[in-house]
Every structure is written in structure tokens, then in C-alpha cells.
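K.L.:
Questions regarding the structure given below will be posed in turn.
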Amino acid sequence: MQTNDFILKRIRPSWRPHVVIGAGIVIQFTYGLVYTFGNILPYLVSYFRWYIDPSQTSGSFIWLQSLMGGIPFAMLAGGYIEKRIGARRGIILASTIYTLRIYCSFGTLSSIGAGIGYNCVLINCQKWLRHRIGFVSGLVTAGFGSGAFVLAPLQTKYINPDNFSADKDGYFTQVELLERVPKLFLVMACLFAVLQFVAVFFIGEPSYTEVVEQEEEESHPDQPSVNEEEPPVLSCKEAMLSGTCAVFFCSLFLNGVYVQTISGLYKAFGQTFIKDDFFLATVNSLAAASNCMSRVIWGLVADKTSYQSAMSVACAVGAALMWTLGAVKLAEQPMLFLIWVCLMYWAVGATYSLVPYAVHHSFGATHFGIVYGFVQLSLPFSGITTALCSQFLLSTIGYEMLFAVIAGTICTSFFLTSLVLQHTKYGKVVC
């Protein structure tokens, strides 16, 4: 594929899409800190209980995950910024905000940077393989999900090298452990800065011509052409006000509640019957690997079948796993807990690779970044819902009943996808 980018045009044309997507995956890896939240939550809560406020609990700290998971308009701003100044400059701006904020503090501003950069990377990578949108979306979002695979065990080894156990309430009281918690963010910020600095050089725009598109179609005769797949170009307003977009918005909101609950509380729940902190870090790492691989596979499944089929299966499996998570505690088998969490993260992976696929195929590529950013506005509401449930329901009904309630959200998403989507104006394209 052709390009006018100063750096990319020095790379062999057949390699350029792979290089750009690889760079995008590296950048997304640095943004994936949110998926380690379940691993570092006990350390953060313990630190704040020791240093600031002894009344803090795991339930109250889910609010921090909500801030990490998405700030309103950050994704939408990412789509607009990519359109105005290009992906590379947008990513440089976003990564600077994200990494500096992690170095100085943690929470709101870092999430804004991650939201802007996430969308810039996704939009840019999709341009390089327009005939494999599901696969590309899966790869790029897998980079985001892969962060915890590497970071979670490193976090635990750095903060808790002696494998101290939490107390009966699930909190750490060892001073030498607690003193390492703030330093962790300095180390991660430096690591992220190095990776982002190298990868951003290989982000660039392709230059499309009719000849190039014809050559791509001839090299993939068994795949439908891009022009045949894309619907008529809609304005942003038409797309965002459509019933199809409303279904995607609601589905992402409902799935987001499920995702943030399991990623935020799995370790705190596991600590109620598993005392090995290293094992729980391993659970997070393997679950992240499962999440990472599943995003690519769900994207391939969508390319071969449809968004509706893939998302319906993911929602049904996810609901069944969360409804039965309480039974795993009764069995008191750590390995069974590991398997269950990995399978739940496998279901989680579908959400973030399938929704961009569906938005692209339903509304086209012209305004994809802005429309997808609008759909992503549902995630802050997911975070607020998760935080409210965790803070006010968890202490009253316990983990098992909370999980049963949350499973109802992804079950509702299943019915929206399998029964409602096909009756919307643009939903038939992905059914």
C-alpha cells in the first residue's frame, strides 16, 4: 500500500500495514493499564487506608476504575482530533497527557489521554486493511487488553516481592509493601514513555487511489470489496440518531458494566478464599492473555459470520459464567477460579473488537471515528453504574449476589443483539 509518510515510505510496501498495526498494538499496550486495576486494587486501598483514610474499602475505590475506564467525550475527541491533525500528532498529544499524568498522579487526566489515543490508533490501523476490519479491530484492541498480561505479575513482584498475605478483610498492613505503591506508577510511566516514543514513528497515513483499491480487491478475490460492504455515506447526526446506533450504545453500556465489575473485583473476591497473592497475580496475567487472544478470534469470527452471531454467543457465555462464579468459591479450588476468570475475560474480549466492527460496517468509514467515539460515551455511564453497585450493594448483598445482578446486564445485551438489532434501519448489515 502506498503512503507519503516520510518514514513509512522507506519500508517495503507489503510490510507497511503490518508495521503500522504492530506499532498501534504497542501503543495500545501502554494504554491498557486499566486492565491491571483488579490486580492493584488491594494495594491501592491498603495504601489509602494506611496513609489517608482507614474507612476506605474496595467498593468505594471502584470509582477510580470508572475514571480510568473512560471520561465522557475523550473517545469522541479522539475521533475529531484524528480527523483534524492526523493520527500521529493525535497520538503524540494523547500519550503525552497520559504518561505525564501517570508519572505525576493517577486517574482522570490519564484516562482522557488514553481515550483520545485509543481512538486515533484504531482509526489509523483500520485504514491499512480495509477489507479485514474485524481482524484489525481485534488485533488493535488486543494490544489494549494485553497490558495486564505483562504488567500484572511485574506489579505484584515489585510491590509484594515477599508474597505477603492480606489480612482477614483483604487489606495489606505491611509498611514495606505499602511504601512501594506510589513508586510503582513512576516505573510504569517511564516504561510507557519509551514504548510510545519508539512506536509513534511508525504510525502514518496510507494514500488511497483507485489503482491501489483495485489491486487489493484482485489480491483478495474471495473477499467482498470495500465499496460493496459499506452503506451509503451518512452524516454524523444521521448515524448517531439512528436506532442502530442506540442499540450499539446500549449494548456497550450493558457489557461495560459486566467488564468493569469482573476486572475490578475479581481479585478482591478471590482473596476471600485464596491467600496466595502471587497466584492471584498469575490469574490476572493469564486472564489478560485470554482477553487478548479472544479479541483477535472474535474479530475473525465476525468477518466470517456476523456481528450479531458473535456478540450473541459472547453475551450468553458471559452471563452463564458470572451467574455461576459464586459456586467456584464453594468448591474452594484455586485452579477452577483461574479457569473461570480466564473464560470470563474471553467473553469480555468480544465487546471491544466487535462493537467497532459493527459501527464501521453499519455506518461506513467516513465518520467512523466520531460515531464510534459517540458510542463509547456509554462507558462512563457503565463505570458510574458499576461504582454505585459496588459501593452500595456489595456490602449489603455480598459478592455472589452482586455478580448475579450484574449478569443480568449482559443478558439484556444478548436480547438487544439477537432480537432487536435486526429490526433497526442499518442493523441488517451486521446480522
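Residue positions begin at 1 at the first shown residue.
Using the three backbone atoms N, Cα and C, a Cβ is placed for every residue, glycine included.
On a predicted model such as this, the values are computed, not experimentally measured, just so you know.
Marked as transmembrane segment by TrEMBL: 20-41, 61-81, 102-121, 133-154, 184-204, 239-258, 278-301, 307-328, 335-358, 370-394, 401-421.
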K.L.:
Count, for each of 184-204, 239-258, 307-328, 335-358, the Cβ pairs lying under 8 Å from the transmembrane segment (401-421), and report the range with the highest count.
P.N.:
307-328
K.L.:
Are the transmembrane segment (335-358) and the transmembrane segment (184-204) close enough to be called in contact, which here means at least 3 C-beta pairs under 8 A that are separated by 6 or more residues?
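P.N.:
No, the transmembrane segment (335-358) does not contact the transmembrane segment (184-204).
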K.L.:
The transmembrane segment (278-301) vs the transmembrane segment (102-121): three or more C-beta pairs under 8 Å (separation of 6 or more)?
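P.N.:
The answer is no, given that the two segments have fewer than 3 Cβ pairs within the 8 Å cut-off.
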K.L.:
Top stretch among 184-204, 239-258, 370-394 for CB pairs under 8 A with the transmembrane segment (20-41)?
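P.N.:
Comparing 184-204, 239-258, 370-394: 184-204 has the most Cβ pairs near the transmembrane segment (20-41).
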K.L.:
Any chance the transmembrane segment (370-394) and the transmembrane segment (184-204) have 3 or more Cβ pairs under 8 A, given the pairs are 6 or more apart in sequence?
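P.N.:
Touching, no - the transmembrane segment (370-394) and the transmembrane segment (184-204) miss the threshold of 3 or more Cβ pairs under 8 Å.
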K.L.:
Honestly, do the transmembrane segment (184-204) and the transmembrane segment (307-328) touch, with at least three Cβ pairs under 8 Å and pairs 6 or more apart in sequence?
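P.N.:
Checked: the transmembrane segment (184-204) vs the transmembrane segment (307-328), no contact.
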